[in-house]
Amino acid sequence: MQNSILALEERLWSCKMERKLEAKIPIEAASPLGTLESSMDAENVLVKPCSFNQTCTRQKPKWHTFRVLPIAILTVSSCQIGFHLYSTPSFNKLLRFEPNKRLEVWRYFTYMLVHDGWSHLALNVVMQCIFAALLEISQGRLRVLTIYVLGGVTGILGAACLHPDLVVGASAGGYSLLLSNVADLVLNFHTINYRIYRAISISTLIIFDVIYDIVHIYSSREPQVSWQAHFFGGLTGLFLGLVVFKCNKPTKSTRVFFCLGLTLYFIFIASFIVLMAQIEKCGTKGLIRRQFVYLC
């Protein structure tokens, strides 16, 4: 009976030694081979490193990778691609923004689904996904989606007031995401990783896009770029970013930034509403590609 117990212990001991070698654990503290005096405490010490190693090599939950994906902007981009695939010209005409149909409120939202072609759509989808990727991880999907939608709406309001024309595309929302990165940098500059490189990248993108818009406007290429929608969409992202984005280490200036962003955005909206009312009162119906008369 004692021989079988010793044989069983020797077998268990050899298994534990193999585990220790795999885990690269020093064996000096191990109990002598085949001794009955080996306590449960000593054996437990040998088992713990193995269980710790198993815990470390365990696969991460599936939701971990799902959480870091920019799901909100990917969903919006998928809808835009699907709409472009299956939509008809008559349906596009119903959803695009037309200045002589300013009272059809849904057009201020749905024009972002309509694009002039595959190149136009691909450029907007790629850029908005790049701008939103880091923001969704740090600020959350709802905040990013709110800035994207309101940037598109405010951008088209500004374009309708300054240069009435047919407008399609989601670039105003993309520009709001671009400049909302500036708001995120302002609020969380000391806690953001690679903040200098991120600031340089954003500044470079803004400078190159301004140059592109200027060249495109003065070359009179068709279709024309609605720089007004880009401009006001970008400012919306900057101002609303100061309002809706969270600050990891709030300071006294955080509340100042909040009030400043909220005030400037409401000034924007109030001005556009007043101008739109004057346009409706003084403008000529069906007027396109001409400046509206604001006083009458």
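Cβ atoms here come from the backbone N, Cα and C positions, even for glycine.
What TrEMBL records for 104-246 is domain 'Peptidase S54 rhomboid'.
If you look up TrEMBL, you'll see 68-86 (among others) marked as transmembrane segment.
Under the heading transmembrane segment, TrEMBL lists 117-135 (among others).
Away from its own ends, the transmembrane segment (142-160) comes close to residues 70, 72-73, 76, 97, 99, 102, 108-109, 111-112, 128, 132, 135-136, 167, 170, 172-177, 180, 226, 228-237, 240-241, 244-246, 265, 268-269, 272, 276, 279 of its chain (Cβ-Cβ under 8 Å, at least six residues beyond either end). As annotated by TrEMBL, transmembrane segment applies to 142-160 (among others).
Sequence-distant contacts of the transmembrane segment (166-187) (same chain, at least 6 residues past either end, Cβ-Cβ under 8 Å): 73, 76, 80, 92, 96-99, 111-116, 120, 124, 127-128, 131-132, 134-135, 138-139, 144, 147-152, 154-156, 159-160, 195, 198-199, 202, 205-206, 209, 226, 229-242, 245-247, 254, 257, 261, 288. Residues annotated as transmembrane segment in TrEMBL: 166-187 (among others).
Annotation source TrEMBL lists transmembrane segment at 199-219 (among others).
Taken from TrEMBL, the feature transmembrane segment applies to 225-245 (among others).
According to TrEMBL, the transmembrane segment annotation covers 257-279 (among others).
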Mean of the pLDDT scores, which run from 0 to 100, over the domain 'Peptidase S54 rhomboid' (104-246):
89
Can you name the far-off residues of the same chain, 6+ from the ends of the transmembrane segment (68-86), with a Cβ under 8 Å from a Cβ of it?
112-115, 118, 121, 124-125, 128-129, 132-133, 135-137, 141-142, 144-145, 148, 170, 177
